[in-house]
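Student: Could you have a look at this structure, given as structure tokens, before my questions?
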Amino acid sequence: MSVMFDPDTAIYPFPPKPTPLSIDEKAYYREKIKRLLKERNAVMVAHYYTDPEIQQLAEETGGCISDSLEMARFGAKHPASTLLVAGVRFMGETAKILSPEKTILMPTLQAECSLDLGCPVEEFNAFCDAHPDRTVVVYANTSAAVKARADWVVTSSIAVELIDHLDSLGEKIIWAPDKHLGRYVQKQTGGDILCWQGACIVHDEFKTQALTRLQEEYPDAAILVHPESPQAIVDMADAVGSTSQLIAAAKTLPHQRLIVATDRGIFYKMQQAVPDKELLEAPTAGEGATCRSCAHCPWMAMNGLQSIAEALEQEGSNHEVHVDERLRERALVPLNRMLDFAATLRG
């Protein structure tokens, strides 16, 4: 495949880590956020990969902690007039596309995603134009502009089922942007899939040799893997799935020790689900030159207590998500198709 933009060779500048807060500062911001949420008629919608203290705050204030599909559902149905989306930018955009009448706030609008960055809309449009006979399916981890070009949007929790459905209709697929997830879905369904070559900087760093050594050290452990991981890591898994599916697998598997190959932010909810089980991080070869993300998305880490308080307190463009209305209407079509399809799966 030849594209103008090569995600494999792209180096994304990582944001600086937030300044650590003292115990007193954390307590101050937690109480301030709780008060501001009530004053703004706002609710928190947080992703599993945000830091534990952010997820805990969402729980305590009646918010949502979930994968991107459930975040979209929850935000669209909740009566609050303001959604505080703790995650990365495409999640805030998706919330605005589905709920244009609501105010969508984010702790920072600079929280990117390597999959989103790795799929620039101009190059992606050219790629799609070169293959006009293919149905365009894009992962939720994309910009509003890329979604607007798609026929379908999909999350990892329903990717296999959707592609299996489209394949049964004889459709050939363009899949973007995650090459590992695309390869996994193709292997599961046998579909005719042409993949864009993006990757998640967290999951792409899991190392087979290091995971093998950890498995040898803990032979009684089950391995849970997100399908954004390289094929060699997926092949070692006892369970493969989206964040919500991995939490469900943790409960179902009989093993008392679990090696988890996804962003370590998931440990907060997974440990709640299996309090008596031991959770181990799958290795990325450790902190230092051999890994950049080291099993935690640096942009998810930008969602801090101080920035959440600022988003709720300060009106204006520094925190509010805006999506062009014509673009929003186009992106809404494949998003609604995803939600309708997901609803049929739920029965």
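Cβ atoms here come from the backbone N, Cα and C positions, even for glycine.
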Student: In Swiss-Prot, the iminosuccinate site includes His47, Ser68, Tyr139, Ala140, Asn141, His226, Pro227, Glu228, Thr243. Which of Ser22, Ser156 does it also list there?
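Tutor: So, going by the record in Swiss-Prot, that would be Ser156.
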Student: Just to be sure I read the record right: Cys200, Cys297 are listed as binding [4Fe-4S] cluster in Swiss-Prot. Which of Cys113, Cys119 is listed for the same site?
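Tutor: The record-listed residue among the candidates is Cys113.
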Student: Please tell me which one of the binding-site residues listed here (His47, Asn141, His226) sits closest to Cys113 ([4Fe-4S] cluster binding site), measuring Cα to Cα?
Tutor: Asn141
Student: Quick one: pull the CA-CA distance for Asn141 (iminosuccinate binding site) versus Cys200 ([4Fe-4S] cluster binding site), whole Å only.
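Tutor: Their Cα atoms are separated by 10 Å.
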Student: Using DSSP reduced to three states, classify Glu228 (iminosuccinate binding site) as helix, strand or coil.
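Tutor: DSSP call for Glu228 (iminosuccinate binding site): coil, neither helix nor strand.
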Student: Taking the Cβ of His47 (iminosuccinate binding site) as reference, which residues of that chain separated by at least 6 in sequence fall under 8 Å from it?
Tutor: Ile65, Ser66, Asp67, Ser68, Met71, Ala86, Gly87, Val88, Met91, Gly265, Met300
